[in-house]
Amino acid sequence: MERLRVTGGASLRGSVRVSGAKNSALKLMASTLLAEGNSTLRDVPAITDVHYMAELLRRLGADVTRADNTVTIGVPDKVAHEAPYELVRRLRASICVLGPLLARCGAADVALPGGDAIGSRGLDMHIAGLQRLGAEVDVEHGYVVARAPRGLHGTLIGLDFPSVGATENILMAAVLARGETVIDNVAREPEIVDLCEMLIEMGARIDGVGSSTLRVEGVDRLEPADHVTVPDRIVAGTWAVAALMTRGDITVTNARADHLELVLDKLTRAGAEIEAGANGGLRVAMSDRPRAIDVVTLPYPGFPTDLQPMVVALNAVADGTAMITENVYEARFMFVNELVRLGAEVRIDGHHAVVRGRESLSGAPVVATDIRAGAGLVLAGLVSAGETLVSAVQHIDRGYPNFVGQLGELGAEVVREPDPDRFDD
Ligand code: EPU
């Protein structure tokens, strides 16, 4: 077990590169199961979640190799169809092998991931969608057991909510189904667009990419692809918030400003000077204390829930009082108790948090409860007097490649060290 020792006070300055998005790379890796042969994925982030997805694909029979940020996945003619609990519990995103396995093998047994520190993570829409495609799907002994021995068939599916995971699983099953599938009210996140683009490179026929209705004309087989992962908008947004909070000046390269429109608009209202470079990238500079900003999280193109902890941290030191509304996860304010240990003034009322900004926070030991809470607490530590010890750093490692190294390059004083007080998570 390790922790981060964050010394407050530095103003972050310099340039940092964002790599491919975790929440795309994991799904792109799963999608390679749909075609026999060698697929290549580029700009895959060096994070533990990718490591666990590689383990899972190996367990299913694939040959996975990694050189720098390029991952090559060799998928055999026959793949196994069981994603066991010991791997799924480490990586909730393993659920995204459900659709590809069902389409490719006519069978999938995927352990239920369960809830986590941000709330329950339902699968009802994944299951209902695959049933509409003709699969028999049951939950037995902690597994989703799906069978479609005679293959899947096209249909009309309307999602109750634009779930990212349900959209991905249904889409990856529909690309090999017989006939046309129309999926309505799909998630429109840039990572979904990236997955559609990869599937189209593999030979899938998909219309409406980026809109809320996807039309998929099933094909008999797909071919392997060579694809570059879309840049991580959540990591880019994290650096942008860091620039504001520390009154710094950060150039974020390989960032897509068009994927962060609402976020950048909010940060501009908080007082940031933001320039989007013509050939990608962002520069975010801040000289004064940020102003409080209200935020409501919603599916894309709304404000991302994955940046909610960072804006709560930002508002904790902003001038004024802000209301943050969390609409995606029932328990994503749990980390606020840790922020309060740093002196933040936050009152939670259901899915609203009222944050009254303070001039400064004061360092204390805190625990990262999930990836984004961990990043938010590190940002808060950067503007806290003295030292903040952020334990359970393994959560941050799941989503931020070389976070400590990049913080150091920007001038922050952050050290990774063994955590004598924690033996497990
Ligand atoms: N939901 C259901 N039933 C379903 C599917 C979803 O009730 O069948 C609920 C969930 O319980 C949750 C909400 O709908 O409350 C959103 O779930 P969604 O399916 O959209 O999210 P996800 O696919 O489980 C991905 C990201 C999350 C990100 C969300 C929303 C991955 C691996 N995870 O999760 O990322 O917060 O979309 O954008 O892509 C993170 O990176 O820190 C993270 C949590």
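Every residue gets a Cβ built from N, Cα and C, even glycine.
Going by what TrEMBL states, the UDP-N-acetyl-alpha-D-glucosamine site holds R92, D306, and the candidate of V71, V75, V284, V328 recorded there is V328. Each residue in I118, R121, V164, T305, Y329, R332, R372 lies on the same chain as R92, D306, V328 and has a C-beta within 8 Å of the C-beta centroid of that UDP-N-acetyl-alpha-D-glucosamine site, without being one of the site residues.
Residues R92, D306, V328, recorded as contacting UDP-N-acetyl-alpha-D-glucosamine, have a largest CA-CA distance of 16 Å. Recorded residues V328 (UDP-N-acetyl-alpha-D-glucosamine binding site) and N23 (phosphoenolpyruvate binding site) have their alpha carbons 16 Å apart, per Cα-Cα distance. Look at the binding-site residues K22, R92 and count other Cβ atoms within 10 Å of each Cβ; R92 has the fewest. Cβ neighbours of D306 (UDP-N-acetyl-alpha-D-glucosamine binding site) (same chain, under 8 Å, six or more residues apart in sequence): I234, R372. With the fewest other Cβ atoms inside 10 Å of its Cβ, the least crowded of the binding-site residues N23, V328 in this structure is V328.
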